[in-house]
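Noted in TrEMBL for the protein shown:
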{"type": "TRANSMEM", "residues": "22-44", "note": "transmembrane segment"}
{"type": "TRANSMEM", "residues": "56-73", "note": "transmembrane segment"}
{"type": "TRANSMEM", "residues": "200-219", "note": "transmembrane segment"}
{"type": "TRANSMEM", "residues": "239-257", "note": "transmembrane segment"}
{"type": "TRANSMEM", "residues": "264-286", "note": "transmembrane segment"}
{"type": "TRANSMEM", "residues": "306-328", "note": "transmembrane segment"}
{"type": "TRANSMEM", "residues": "340-357", "note": "transmembrane segment"}
{"type": "TRANSMEM", "residues": "377-398", "note": "transmembrane segment"}
{"type": "TRANSMEM", "residues": "451-468", "note": "transmembrane segment"}
{"type": "TRANSMEM", "residues": "474-496", "note": "transmembrane segment"}
Amino acid sequence: MSQKHLKEAFISNLNGTSLLEISLGLSLAPLCLLCRGLLLILYYLHYGKPLSSRKYSLLLDFLVLVSPLVFSCTVLSPIIFFMPSIIAAFCAGIFSKIYSQRKHETRVPFRQIVQEFQKTYLDPEYIPAITVFRVYVNVLTSISILAVDFPQYPRRYAKAETYGTGVMDLGVGAYIFGNALVCPEVRQKSYVMQSKFSSLARQFFSIWPLIFLGVGRLLSVKSIEYHEHTSEYGVHWNFFFTLAFVRLAASLLLAIFPKNKSWIIAINLAVLYQLILNTTSLKMFILHGSNGRDSRVGFLNANREGLLSLFGYLAIYMASVQVGLCLLKCRNSVKGWVEAARFLLLTALVLFLFLHVSQVHADLVSRRMANLSYCIWVLAHCLTFFTWFVVTDLMLVFTKLLVKGSSVPCCWNVVKPPNTGTKHGTEAVPTGKEGKLARICLISAINKNQLLFFLLANVMTGTVNILIDTIHSKTAFTLCILHLYMFFNCLIMYILHAKNIVLKFW
């Protein structure tokens with residue numbers, strides 16, 4: 001077999017992993033974020049100032065926020081079930097040290113601190129969990145798209161062939177979920193001074209970079225005969241095209257129907273699509289082609305997975321729009337966000353129950369078809385993942401109250417109550433040059449240029465695969481390559497952020 005066919009076989013015919021392993025794996029990113037925040041607060045407690053060195057900030061962010069994820073999906077994957085407990089214990093140790101030193105200085109009873117925390121008001125203009133969720137989906141995707149070509153990446157984490165729940169199967173849906181949370185229809189409070197269809201026209205124009213990137217990927221992959229998993233999207237289709245057409249179709253639907261009813265549209269789309277799969281020959285067509293022998297003759301046959309899975313991804317997008325609208329309701333207090341986190345977790349639990357029913361009575365989870373079970377599975381895990389970030393932010397806010405003046409980048413700012421007459425009087429944010437330096441972090445850097453980060457990761461992945469025989473790489477070499485690859489991508493984003501450069505021209 002040629003190198004191209006070897007790599008294609010290496011990522012084909014897989015069956016995914018268990019829901020429990022994915023759930024435990026998703027808890028690692030919030031725990032890493034909590035660990036980074038606690039370390040910064042501990043640094044402030046010891047030195048009386050935030051970590052101001054950009055060089056050390058980048059190093060800390062990479063070692064705590066990114067590196068553990070690289071290890072967890074390679075050499076530490078056999079003990080993935082113990083990893084959350086280990087990191088949580090480390091975080092508990094740091095918090096204990098912060099609390100003991102703070103308590104020694106002020107002698108404030110713990111109950112009083114809890115009462116103050118419950119009455120705390122948060123900056124309503126910024127929900128850090130949304131930013132962190134979207135950034136981490138990008139980071140995890142970037143790690144996986146290269147790591148999957150190395151033998152140290154467990155095959156159960158890769159995309160399943162037809163049925164199954166691989167980590168990378170979730171990543172595709174999570175990308176759709178994250179985009180919908182910040183789509184214009186969610187962020188736009190009203191259609192004053194413009195019609196819905198003029199807004200739709202702008203959306204149509206805004207997707208051209210995705211079309212351009214999709215065409216660029218298609219031409220580059222075909223020209224260099226790069227290995228590709230045909231049953232993933234088809235012969236010519238790719239994820240950039242899926243993102244573009246889902247966004248355009250969603251904008252059209254939201255221009256016709258009220259956006260606060262998007263969850264109804266999502267349910268109808270997913271259920272109707274599943275009914276058609278079960279009652280017609282559409283499922284057999286997707287899986288085996290028009291002739292039953294995996295025919296790829298004709299555009300529809302060649303790209304049937306990418307084209308027909310649009311219905312499922314569109315349903316995920318519409319449901320996620322409803323989540324975004326729910327999150328943007330005015331919740332400016334700790335108590336309000338605790339209730340929101342409780343509601344999100346309850347919703348996720350209900351969705352997991354529906355997932356069980358769907359898999360028993362409708363069909364198993366299939367990313368290839370983006371069927372009803374897949375849509376429910378993605379939404380359930382994304383809501384859980386997002387809720388962990390909300391809980392993490394609340395824990396960091398509580399810890400910041402213990403150490404007055406401390407700050408954590410990409411975390412909620414504490415503001416004065418609305419009745420004080422101060423619009424946004426932040427209490428725990430450094431000012432001046434020191435504050436500006438403290439706000440520069442890897443998360444905000446990636447967030448500023450997310451599409452560029454994703455594109456750079458794709459280009460670097462292709463470059464590494466062309467230059468290196470990934471399938472036969474040793475463990476030490478694999479870890480070195482993955483860390484260099486991620487550090488280079490992060491460094492580029494960090495430099496652009498430090499210079500306040502946003503490469504967005506559409």
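Positions of Cβ are set from backbone N, Cα and C atoms, glycine also.
Two recorded stretches are said to be in contact when at least 3 C-beta pairs lie under 8 angstroms, sequence spacing 6 or more; the transmembrane segment (22-44) and the transmembrane segment (340-357) fall short of this definition. For the transmembrane segment (56-73), the residues of the chain that approach it from at least six positions outside its boundaries are 25, 28-29, 32-33, 35-36, 39-40, 80, 83, 87, 139-140, 143-144, 147, 153-154, 157, 167, 437, 440-443, 479, 482-483, 486-487, 490-491, 494, judged by C-beta separation under 8 angstroms. Counting same-chain residues at least six beyond the ends of the transmembrane segment (451-468), those with a Cβ under 8 angstroms from any Cβ of the stretch are 7, 138, 141-142, 145-146, 149, 209, 213, 217, 220, 224, 226-227, 481, 485, 488-489, 492-493, 496, 503-504.
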